[in-house]
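S.K.: When I checked TrEMBL for this same protein, it listed these features:
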- 8-445: domain 'Major facilitator superfamily (MFS) profile' (DOMAIN)
- 7-26: transmembrane segment (TRANSMEM)
- 46-70: transmembrane segment (TRANSMEM)
- 77-95: transmembrane segment (TRANSMEM)
- 107-125: transmembrane segment (TRANSMEM)
- 137-161: transmembrane segment (TRANSMEM)
- 167-184: transmembrane segment (TRANSMEM)
- 196-213: transmembrane segment (TRANSMEM)
- 219-236: transmembrane segment (TRANSMEM)
- 256-275: transmembrane segment (TRANSMEM)
- 287-305: transmembrane segment (TRANSMEM)
- 317-340: transmembrane segment (TRANSMEM)
- 419-438: transmembrane segment (TRANSMEM)
Amino acid sequence: MTTKKKWHVMPAVVATTIMSFCGVLIETSMNVTFPTLMKQFGIDAGLIQWVTTANLLTVAISIPLSAYLIRNVSEKNLFVSSNLFFLLGVILDSIAGNFELLLAGRILQGIGTGLALPLAMHIILEHVPLEKRGFMVGVATMTTCFAPAIGPTYGGIILHHFDWNKIFLFLVPILAISFVVGIMSIPQRKIETKTGFNFGGYFFLALGLALLLVAIERFSLWLLLLSIMALLMFYFSNKKKRLISLNVFSNQRFVWFMYGALVTQAIALGISFIFPNYLQIGLHQNTVTAGLFMLPGATFVFLLAPVSGRLMDELGYFKPIVFGLTLASLGLAFLAFVLPNAGVKLLLCGDVATKIGMGLAASSLVATSLSQLEREEVIDGNSVLNTLQQFSGALSTTVVSVIFGWAQKTMSNGSMVGSRISIVLILAITLIALGLVLKLKFEARN
């Protein structure tokens, strides 16, 4: 492989992660619009959550394709393709007048994001020295984490003054800037050897993940069994012709640190569904208040992302990860305890504590998990991590929306009960992540 001009790593990483930024911005801003969309389209919480879930699922199933494309297509061409997919989806949603068209646009955006996400991490892992890698992962995380810092507020203000379609329309200039910066900073490279693609395995993987989410949403045992069968078909197909190297799962340290990274994603997506809906439905707040509520905590996540990477470079992984997960657990426990009678201010305190913990732990968990792999395993490990991160976000959103919808239909105070059960569930998986990291540290010390 040869390059015609020099890499400009920082702008290349920022340009590539801008699509992730826009994707998360849309996702967190649209959460504020869900009560409005449910009324406009005449649908319930279980169906409206697919605005987020379909996008995250598409991202998840696009990432394995991106791992193949990174090996077989120039980074520049891959960047251009992902940007165009995302832009087309944004334009489609800016004119969407029904739920089906909105969903189609979100799926196109998911394809663009799914192609871009592994590309950003690939650029960091291939072109940044190990001693600076934690900082650069923090920069990439910071770019994406800035979106939830402003997303709900952005969505609330847009919905207050305009219609929800403008959430998409106003992002077109940002995507245009990303396109220009990426074109200028990512060099073209010549691909000298190409590998085949396991289309059968890819189909079964996509089908299995999609059926799993639908099975959970519909409480369907048959769909769950079909999902398991499809994933087994993927496993056997992958053994014959590799789509993703599953050997990375034999590395216990990689798997356990990756689980922690998946938990931080589940926290972020779960909470971003719970509070905008609970504040509007349960506490009868307006869209601007619901949006502003998410701003302080998300701002801390944004500010702490590069700090976490720098702390990992200087102190090692253990302290920022353990302190972060501990603080997130305390924040979630506080929320679960005060929720039945809490007003906006108390809920905000718990949300901020949880988000500070997430900000300290998230990027360190990603960087540490990938650093457990051999160099030749990193591309596949990155693909696995990114796929499961997006799927964990989709799974978290689906589970929380199902609990929320069930409680609303069966109880007079359903929005509160559904929110509380969801937070307790998120707390449980966070405590498991903390326990696994502590166990790894104990084993390393011995």
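Quick reminder: no glycine exception, Cβ is built from N, Cα and C everywhere.
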S.K.: Can we call the transmembrane segment (107-125) and the transmembrane segment (7-26) in contact, meaning three or more C-beta pairs below 8 angstroms at a sequence separation of 6+?
M.R.: yes
S.K.: Could you tell me what the rest of the chain brings near the transmembrane segment (46-70), counting residues at least six beyond its ends with Cβ under 8 Å?
M.R.: 23, 26-27, 30-31, 34, 37-38, 78, 99, 102-103, 106-107, 109-111, 113-119, 122, 195, 197, 202, 205-206, 209-210, 213, 217, 243-244, 269, 273, 379-380, 382-383, 386-388, 390-391, 393-394, 397-398, 401-402, 405
S.K.: Where among 167-184, 196-213, 219-236, 256-275, 419-438 do we find the most Cβ pairs under 8 Å to the transmembrane segment (317-340)?
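M.R.: If we count Cβ pairs closer than 8 Å to the transmembrane segment (317-340), 419-438 scores highest.
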S.K.: What stretch in 77-95, 167-184, 219-236, 256-275, 419-438 has the biggest tally of Cβ pairs under 8 Å against the transmembrane segment (196-213)?
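M.R.: The listed stretch sharing the most Cβ pairs with the transmembrane segment (196-213) is 219-236.
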S.K.: Let me check one thing: do the transmembrane segment (419-438) and the transmembrane segment (219-236) come into contact, meaning three or more Cβ pairs under 8 Å with sequence separation of at least 6?
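M.R.: These two stretches do not touch.
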S.K.: List, by number or range, the same-chain residues at least 6 past the transmembrane segment (256-275) whose CB is under 8 A from its CB atoms?
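M.R.: Residues 27-28, 31, 49, 52, 56, 148, 152, 290, 293-294, 301, 317, 321, 325, 328, 332, 347, 351, 354, 358, 361-362, 365-366, 368-369, 372, 384-385, 388-390, 392-397, 399-401, 404, 419, 422-423, 426, 429-430, 432-433, 436-437, 439-440.
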S.K.: The domain 'Major facilitator superfamily (MFS) profile' (8-445): mean pLDDT?
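M.R.: Value for the domain 'Major facilitator superfamily (MFS) profile' (8-445), mean pLDDT as a whole number: 85.
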